[in-house]
């Protein structure tokens, strides 16, 4: 009897161990949606049938231990998606309810059917709905792009590349479109077929048409210039007779000096290149030629001669050029005739050169230093 009892107890112990270690068969459980927002939801027969676009859904698992494995499958319009891309498991919902949830991100702009499948063991449960623009309408337009303010452009969801695909029109209101500009950016897109990755921030891609073959664009207080739908970069442009320079990022250059092609150029705060004019900068005068390049050496302006040093700054006082002395007035213009400097008189010929060891036209003798 004792032996029989031991065998019976051992058998019961082994049986219990087997029950604990063997995989359990599928256990009945349920799925229930949890909404952070209650509006824009249509129920039929106690189940959600339609929801407005732009929602996030928490799908709660009921009556299933937290240790039980669940295999999730998400389908959009019948096509299975990368679940890890669209959803994640959580223990707290957006309404701070605790439990076991699949937090599902509905791709913003998506319209159509959604089916979420949960499999645990042999038990499979599904949750489904239809995403629409308006729960009171039977229309479910599919769009991710908004044109010119309010027109939703039909697009399709590419589940393989996780992106939206559409064709941007070449004509709007009878006018040819050169490019489409993405709102808030300098992203210019040529008309035609495009693909855009899903934007998890939950925003439409808003596009505005550009009709001009060449035009200015502004962004973050900077100015840019487009030609044929492309930003001009690291190049000169001539707009209505005025020259501008666009840097390597396409930003209009509006600093004072630019060194380009072996020459210096100067610009106004408006970005316009200075040409055939004087510029006063950091206490010195500079002259920009008709081409816009900074002048050096002798220049004639307004009937007077001026001398610009190698740095481009205008000279004043005495200078020696090619072995000959010249005198530049405080205004920078070259002197002729008699000038007095440090108490001594000097005579400058009509060409500006100082006379030495000779008589002046009015009969005075100047020595080797040029002094009278």
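Think of each number as a place in line: the chain as shown, counted from 1.
Any Cβ shown, glycine's included, is placed from N, Cα and C.
Per TrEMBL, the features are as follows:
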- 1-27: signal peptide (SIGNAL)
- 275-294: repeat 'Cell wall-binding' (REPEAT)
- 295-314: repeat 'Cell wall-binding' (REPEAT)
- 315-334: repeat 'Cell wall-binding' (REPEAT)
- 335-354: repeat 'Cell wall-binding' (REPEAT)
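Counting only same-chain residues 6+ beyond the ends of the repeat 'Cell wall-binding' (275-294), those with a CB under 8 A from a CB of the stretch are 243, 256-257, 263-266, 301, 306, 308, 312-314, 332. Residues 285, 298, 304-309, 341, 346, 348, 352-354, 370 of the same chain lie 6+ residues outside the repeat 'Cell wall-binding' (315-334) yet bring a C-beta within less than 8 angstroms of a C-beta in it.
If you average pLDDT over the repeat 'Cell wall-binding' (295-314) in this model, you get 97.
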